[in-house]
Amino acid sequence: MLQALLDSKDFLALTLAHPEQFDGEFSFNLGDHTQVEVWDTGVIVFEPIQNEGKDIVLSCGVHGNETAPIELCNSLIKQLLQQKIIAKQRTLFLIGNPLAINNGTRIIDENMNRLFSGEHSNPPGLVNPERVRAKKLEAYVDRFYTTVADGRQRIHYDLHTAMRASKHEKFAIYPYRPGRAFSGEQIMFLAASGVDTVLFHHEPTTTFSYFSSERYGADAFTIELGKVYPMGQNDMTRFIATHEMFMRLITAKPLELDAFDADKVNLYQVCRVINKHFDDFEFTFATDVENFRSFPKGFVLAREGGKEIKVEHEFESVVFPNAKVPIGNRTVICLIPAVNADVR
């Protein structure tokens, strides 16, 4: 495996050729500047001999059909392996769900991004590939963050693409973080990366980014980079700014960020999440409605169990509507403009 990676510099290809696991860990050096450690299929660490104090996790492919972030991360990995760029910050790349990537599907059995913070081991337990993999990914993040001294900045960008069109093509979800202000610097980094819209979540979740935020105090985000397309069919010119800013972050080049300015970004507050309680749950709007579509107060968003679910605020925007989820799961996130967010 080591020789195959050294020859091809294509970590994604190696991962997809061995989607369940590698035979064992291996490591090697790039020149006299970087140690590379491969911990498992889809798990590669770049450890600079001299680093600048940030610990960065870039994860992709938690959903197997969300291919643009996978191609973006593989491009960065290849540039690092080719020594076209040199890491100055510790960086962990995670290709989340290789089995689903090979299958060309969002999941194999279950939505992995609902299985973190230990949810993978709650009943029924480790009964499918997503649950097993989520537990392993948690362990790799823990190992990465906790094997160095405290006091370093921890960052985790969990990269996705959405199943539907969006009023805002690229947007990020800022996990719930009670007692901690939101980072204006991080929001402006995202804006410079082409991600000009941020949603502030209002409650704990079992997503990958919430896990890193809550457990390790990381500046963590779920980042949606556009729409789902098959592997190789993404217009990667739409990710030039994202690639550039991630490259600057990893190589410790100046980020040249603007000071936080709420007028330069779109900020939303999650006002509620609507879960499914009955099999007859249905939305009243078209199935192909775009993310961030706004509806006025009193509008009937959905019906289930003989009851209507109406817009409660003057206007509410919807993201990720999906009526076909299992009972108990989220059908949609409702948003209002964020006017008093604690951003510093």
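Cβ atoms are placed via backbone N, Cα and C, with glycine included.
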Given that Swiss-Prot annotates HIS63, GLU66 as Zn(2+)-binding, name the residue from HIS120, HIS156, HIS160 that shares the site.
HIS160
For the C-alpha pair, I'd like the distance in angstrom between HIS160 (Zn(2+) binding site) and GLU224 (active site), rounded off.
5
Integer Cα-Cα distance in angstrom, GLU66 (Zn(2+) binding site) to GLU224 (active site):
10
Once HIS63, GLU66, HIS160 are set aside, which residues in the chain still have Cβ within 8 Å of the Cβ centroid of the Zn(2+) site?
CYS60, GLY61, VAL62, GLY64, ASN65, PRO69, ARG106, ASN113, LEU159, THR161, ALA162, VAL228
